[in-house]
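A.B. asks: Below, the features straight out of Swiss-Prot:
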BINDING   N80, E157, Q158, D159  Ca(2+) 1 binding site
BINDING   E157, D159, Q169  Ca(2+) 2 binding site
DISULFID  C55-C116  disulfide bond
DOMAIN    24-225  domain 'Pentraxin (PTX)'
SIGNAL    1-19  signal peptide
Amino acid sequence: MEKLLWCLLIMISFSRTFGHEDMFKKAFVFPKESDTSYVSLEAESKKPLNTFTVCLHFYTALSTVRSFSVFSYATKKNSNDILIFWNKDKQYTFGVGGAEVRFMVSEIPEAPTHICASWESATGIVEFWIDGKPKVRKSLHKGYTVGPDASIILGQEQDSYGGDFDAKQSLVGDIGDVNMWDFVLSPEQISTVYVGGTLSPNVLNWRALNYKAQGDVFIKPQLWS
């Protein structure tokens, strides 16, 4: 009997953390500062990227307190192959291949925030959207290729592939609606995603998410519509 219960517990744990789960209207909650709590995402496609778009929601009270990681995509050749990072001086850092550009914001909203970031290698053009509104386009790492077999982490910034976390860069708050495509979304498509559309994401799909949660991470209903 004990052996049967143990097997059932293993099966439940496995399906919860490694299966493709529909996360519709759900969010990952990181309730406290930590260097051990994070969510690892497994991409549907593990190929190199010459174009991509990442969109997500996050909600935190840290924005005026300290900097923190929003999205960390490390490869074996570069721990910051794709990085979205909030700086407490009212700037988002967007990085590709270790190179970075920054986007200033005029005010810090005390509300859930939706962001989309896209990049294409052929031109180096970066687009960064906050709550459905675009910032001025910038140029970054023209001709670069993002590496394959990524380690994708929510809640922490990777200083090495899959690790070397710093609690002072951790997210405290909620994150959800994390979707990623291997192409640049058009302005019309960004608007669709902002109001809740998904457009069949083919790298990370929030409606069929393959993830593993580690530490104090909880799944709760989203606090945004």
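Note: Cβ is positioned from N, Cα and C throughout, glycine not excepted.
So that I understand the layout, could you describe where these features sit and how close they are to other parts?
C.D. replies: The Cβ of Q158 (Ca(2+) 1 binding site) lies under 8 Å from the Cβ of S72, A74, S79, N80, S151, D164, F165, each of which sits 6+ residues away along the same chain.
Reduced to three states, the DSSP call for Q169 (Ca(2+) 2 binding site) is helix.
DSSP assigns C55 (disulfide bond) to a strand in the three-state reduction.
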A.B. asks: Can you figure out which of E157, D159, Q169 (the binding-site residues) comes closest in space to C55 (disulfide bond), comparing Cα atoms?
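C.D. replies: Given the candidates E157, D159, Q169, the nearest one is E157.
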A.B. asks: Write out the long-range same-chain contacts of E157 (Ca(2+) 1 binding site), meaning residues 6 or more apart in sequence whose Cβ is under 8 Å from its Cβ.
C.D. replies: S69, S72, L83, F85, F165, D166, Q169
A.B. asks: Show, in sequence order, which residues other than N80, E157, Q158, D159 on the same chain lie with their Cβ within 8 Å of the centre of the Cβ atoms of the Ca(2+) 1 site.
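C.D. replies: Along the chain, the qualifying residues are S69, S72, A74, S79, L83, Q156, S160, D164.
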A.B. asks: Roughly how many Å separate the Cα of C116 (disulfide bond) from that of D159 (Ca(2+) 1 binding site), to the nearest whole number?
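C.D. replies: Spelling it out, the Cα of C116 (disulfide bond) and the Cα of D159 (Ca(2+) 1 binding site) are 23 Å apart.
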A.B. asks: According to DSSP, folded down to helix, strand and coil, what is N80 (Ca(2+) 1 binding site)?
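C.D. replies: In the DSSP reduction, N80 (Ca(2+) 1 binding site) maps to strand.
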A.B. asks: Cβ within 8 Å of the Ca(2+) 2 site's Cβ centroid: which residues qualify beyond E157, D159, Q169?
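C.D. replies: The surrounding set, listed in chain order, is S69, S72, Q156, Q158, D164, F165, D166.
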